[in-house]
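Q: One structure follows; several queries about it will come next.
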Amino acid sequence: GSLYVSEYFSQSAQKLSFYSWYGNAKLFHFHVPEDTVLLRWLLQASRGKGPECTSMEITVHFRHGAPPVINPLGTRFPANATVRPSYNISITLSSAVQNTTFVNVSTPAAGDWFIAAHLPEAAGRIEVKGFSTPCPYMFQADMFVLRLTDMPVLEPGVPMPHTVVSPAKPLHVKVFVPKHASGMRFQLSSCVTSEQRACTVRVLLGSITLPQSFQRSLTCTGSINCSLALDSPPWEKWLQIMVESLGTANASVSLEMLASFTVCRPGSTSSFLNFISLNQSQAGARPGAAGSSAPSAGEAPHNASGQRSSCLQSQPVVREDLDVVSVRYRLLNGPSVPVNSLSPTLLLLNLNTGMDSGGSLVVNLLLNKTSVSLANATVVACVSAASPVLSLNTTRNCSTAFSQGYPLSVSTSSGEAMLIVLYPQTDDWFLSLQLLCPRGQGDCSSAEAKVTVFAYLTPCFNDCGPYGQCSLLRRHGYLYAGCSCKAGWGGWSCTDDTKAQTVGTQNLATLLLTLSNLMFLPAIAVAVYRYYLVEASVYTYTMFFSTFYHACDQPGVAVMCIMDYDTLQYCDFLGSVVSIWVTILCMARVKKVLKYVLFILGTLLIAMSLQLDRRGVWNMMGPCLFALVIMVTAWVHHGAKRRHCYPSSWKRWVFYLLPGITLAFIAISVYAFMETNENYYYTHSIWHVLVACSVAFLLPPRDKHKKPWAWSQKLTCRYQICQNDREELYAVT
């Protein structure tokens with residue numbers, strides 16, 4: 001009997017995120033070995049036990065060959081991108097803390113398989129780290145495979161007898177598809193049961209791939225010949241064939257199988273000429289003019305006649321790696337490709353390194369209209385994986401034996417065409433081109449068109465445009481790219497303007513967030529008037545960096561960065577926390593030496609904590625609470641020493657302290673609980689205004705022995721105005 005081996009592959013669990021862009025989807029990357037007959041996914045989802053954890057639906061996407069192309073938000077894709085729906089399932093976490101789901105795939109395709117999991121759409125509320133504890137939703141994917149170690153090989157052109165033991169034990173065989181195979185014919189004959197009755201069997205050719213599977217099925221009854229013809233089988237790959245009996249449980253079935261191939265003889269420039277052309281292009285010729293050297297006059301007619309008699313014309317293509325997930329394809333004979341009606345012109349686009357599936361494949365065709373001798377002639381093209389489409393003039397549906405390609409066409413009326421393949425699967429990709437002539441128009445066999453081909457792999461199409469940022473994502477050693485959109489734009493490449501902000505809205509947002517910082521001017525004026533010059537300097541620093549940080553932080557076109565973004569952000573956060581720190585310490589009315597020591601020491605500690613975790617809530621709350629403790633302690637000390645409430649004036653409480661504290665609490669509430677991505681520009685502007693106004697109210701009055709600014713006294717030439725700088729506890733009025 002056959003020997004089966006089971007293997008188990010596991011990856012660490014990942015914490016799921018609510019979905020707003022592809023970076024929120026957690027990716028799992030597995031490799032299915034050859035000769036696998038059964039694949040089983042074990043999907044484990046769990047959630048925390050806290051009260052913040054509610055019922056949740058987790059969406060899991062599957063794809064063979066590349067990461068799944070998903071669209072949970074229902075946004076638009078780029079104009080020339082052809083997208084097929086992903087295969088997905090939903091896992092619900094309701095009352096149960098954990099959910100285990102199995103997904104079985106029989107006769108799966110070998111190679112890379114990807115799983116992407118995510119939570120529903122993000123709410124858009126800006127969470128302040130530390131104020132709320134989000135519920136952890138965890139997801140883990142494990143893979144079991146059942147592999148046949150001694151799968152029989154079906155040799156092309158050689159009939160092979162086999163026996164299907166029982167319906168419970170199907171027969172698995174494989175056949176190797178040679179390169180340049182244009183067609184395959186599978187034939188099953190001499191099918192009889194052990195009881196000498198007419199047998200019924202089902203034959204499955206090919207492997208299952210997700211999201212779309214093109215596995216071919218054939219049901220054979222009786223001993224008559226049963227056959228299936230396939231166009232463009234996958235080149236240089238093993239093709240699995242499974243035969244299962246549909247008869248009685250105890251009866252075995254004997255049969256005979258035969259596989260034959262039709263091989264296409266390519267016509268192309270000789271390898272020696274390609275090598276010479278490549279050497280010349282590397283020696284200093286421009287990339288666009290590479291391969292400009294032509295064969296000698298004596299060789300040209302012979303080569304042309306050879307190309308006319310072959311079933312495809314292969315054009316040499318050089319793959320040039322530029323960066324991570326960035327490849328350019330260079331045609332050795334120049335970017336212009338000759339296309340005729342007798343046989344398709346073929347270009348190989350190599351994407352089989354295993355690290356190319358995380359970008360976007362872009363193919364651009366440009367027809368030289370002056371090269372087309374026949375009016376209304378059309379050049380049809382097809383981009384396909386694993387094997388090329390070699391019958392463009394008859395099928396036109398751009399399909400191969402086990403996959404569906406992407407059609408393109410250029411004509412004299414529409415001379416340019418573009419195709420974007422998002423996350424192309426790991427494989428050899430082919431571009432086939434052929435000239436189609438309308439009936440009754442001239443001699444089509446002698447006509448030829450020149451098509452300029454530009455093909456490249458890029459991490460993000462058009463670099464996500466002006467309203468997006470291309471981010472390189474990583475899962476273990478696998479790299480892939482995604483677009484993070486801003487200013488209300490959405491979609492795979494940030495081309496969906498359904499919810500986009502207008503330029504006027506962007507300008508308004510920038511003006512509100514920057515000009516609202518000018519509300520610090522009254523606080524600065526009050527501080528200077530009351531001789532709090534250090535505090536005034538801190539407020540000036542905060543106002544300056546907050547203004548230019550928000551001018552640089554804008555998502556749209558109204559952006560101005562005077563220095564590095566990260567530096568501006570750090571200085572803004574530092575200034576905000578230090579402003580609160582010095583204001584509360586100033587209210588404490590401690591001795592000057594102690595106050596300035598606390599100013600410096602606190603600023604240094606705040607700078608350190610912000611470097612450790614810039615967005616942690618305790619970076620702001622910690623200094624605030626510590627300063628409040630110092631202030632309350634100082635006020636209690638003052639009150640106990642004077643034997644009455646401190647500050648003693650009811651006017652100070654009613655007209656300054658209570659309004660200032662109220663404004664501060666409203667500001668904290670707006671900052672912590674009301675900000676969302678949509679209302680950020682005005683809620684955060686309100687935060688700026690409220691904080692600046694509260695500072696102006698909370699600053700204590702100047703010491704009584706301090707006289708108001710008198711510039712005439714300050715500018716005297718011979719005499720210096722001396723003041724009493726003794727540290728005394730004056731009553732606050």
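Keep in mind that glycine also has a Cβ here, set from the backbone N, Cα and C atoms.
Not my notes, these are from TrEMBL:
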REGION    286-313  region 'Disordered'
COMPBIAS  286-301  compositional bias 'Low complexity'
COMPBIAS  304-313  compositional bias 'Polar residues'
DOMAIN    456-495  domain 'EGF-like'
DISULFID  CYS460-CYS470  disulfide bond
DISULFID  CYS485-CYS494  disulfide bond
TRANSMEM  508-532  transmembrane segment
TRANSMEM  593-612  transmembrane segment
TRANSMEM  618-637  transmembrane segment
TRANSMEM  653-674  transmembrane segment
TRANSMEM  680-699  transmembrane segment
Q: Please give the sequence-distant neighbours of the transmembrane segment (593-612): residues at least 6 beyond its ends with Cβ less than 8 Å from one of its Cβ atoms.
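A: Residues packing against the transmembrane segment (593-612) from afar: 534, 570, 573-574, 577-578, 581-582, 585-586, 618-619, 622-623, 626-627, 630.
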Q: Just counting, how many other CB atoms are there within 10 A of the CB of CYS470 (disulfide bond)?
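A: Taking all protein chains shown, CYS470 (disulfide bond) has 19 Cβ neighbours within 10 Å.
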Q: Could you measure between CYS470 (disulfide bond) and CYS494 (disulfide bond) for me? Cα positions, answer in whole angstrom.
A: 10
Q: Measuring CB to CB from CYS485 (disulfide bond), give everything in the same chain under 8 Å that is also at least six residues away in sequence.
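A: Same-chain residues close to CYS485 (disulfide bond) (Cβ under 8 Å, separated by 6 or more) are TRP21, CYS464, TYR467, GLY468, GLY491, CYS494.
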Q: Could you break down the residues of the domain 'EGF-like' (456-495) into DSSP helix, strand and coil, giving a count for each?
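A: Across the domain 'EGF-like' (456-495), DSSP assigns the residues as follows: 4 helix, 20 strand, 16 coil.
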Q: Could you give the mean pLDDT over the domain 'EGF-like' (456-495), rounded to a whole number?
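A: Summarising the domain 'EGF-like' (456-495) by its mean pLDDT gives 92.
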Q: Among the disulfide-bonded residues CYS460, CYS494, point out the residue whose Cβ has the most other Cβ atoms within 10 Å, with all shown protein chains included in the count.
A: CYS494
